[in-house]
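Quick notes on the structure that follows.
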Amino acid sequence: MPADSTMVTEIFSSIQGEGIFTGCRQIFIRFWGCNLNCRYCDTRTGKAPVHCRIETEPGTGNFCLLPNPLTAAEVALRAGELNPSGHQTISLTGGEPLLHTSFLSRLIPLLPPARQGIYLETNGTLPEELARIIDGIDIIAMDIKLPGTAGITPCWREHEAFLALALAKKKKVMVKIIIADYSADREIEQAVELLSRYKDIPVVLQPVSSSRGIPQLAPGRALAIQARALEKLIDVRVIPQTHKYLHLL
Ligand code: SF4
């Protein structure tokens, strides 16, 4: 693959379906590949996509295909054709976008301005990669992964370093924790304990959802987890994935 190019899954305009920016209009640049393998993942992270799907007019669902890999100039051009000034942010998402930091350091200066800047959607486990591009990012939406819920090796130290860097750089930060009926209380408590050092960060508890957006978590359990988190944190919200209700990407 040429040094100035990378694998991009899709570029399109839609509303953010997760976290405290739910409902905000964003241009999404979705990068291929992830360093984790969460059991509830709903993103295609398997075989590298031969083509990148690119929406040709914002919000129409009409796509053309461009062969992968794409250069930074191509990605910036295609994002620019989706009317960035009419969007709240440009979202760098995945997969895990921080697997593409060399590419991102070229892309970010080329991206046209959106109203609130550049929004990084990340699993929050790659602090060294974040350090390479953080100056170009305005908003960081990071996960704290509950290892037993995701079915992965614990990432507590990585999350801690990631969060500390994001806050040291005075970025707007929000945290998402995916929870399920089978989430262990001790894992939830460990996540809350970590976040309690930074009490005023907005924290979203996101129930695992089916492909049609139906939360796979009893409402009473969601409220109980929220109540416990609110004993130590200031801003804790329960928000399911909303884009699935509207059948949006
Ligand atoms: S971090 Fe996100 S994209 Fe990566 S495997 Fe987990 S859910 Fe999927």
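Quick reminder: no glycine exception, Cβ is built from N, Cα and C everywhere.
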| Recorded substrate site member, picked from Thr60, Thr71, Thr93, Thr101, that accompanies Ile15, Gln16, Gly17, Arg30 in TrEMBL | Thr93
| remark: S-adenosyl-L-methionine binding in TrEMBL involves Tyr40, Cys41, Asp42; of Gly95, Gly117, Gly124, Gly136, the partner in that site is Gly95
| To the nearest whole angstrom, what is the C-alpha distance linking Ile15 (substrate binding site) and Thr43 (Mg(2+) binding site)? | 17
| field | Between Thr93 (substrate binding site) and Thr43 (Mg(2+) binding site), the C-alpha gap once rounded to whole angstrom | value | 10
| note | Taking only the CA atoms, the spacing between Arg30 (substrate binding site) and Gly95 (S-adenosyl-L-methionine binding site), expressed in whole angstrom, is 7
| note | DSSP says Thr43 (Mg(2+) binding site), in three-state terms, is coil
| task | Can you figure out which of Gln16, Gly17, Cys34, Gly95 (the binding-site residues) comes closest in space to Thr43 (Mg(2+) binding site), comparing Cα atoms? | result | Gly95
| message | I'd like to know the mean pLDDT over the domain 'Radical SAM core' (21-249). | response | 94
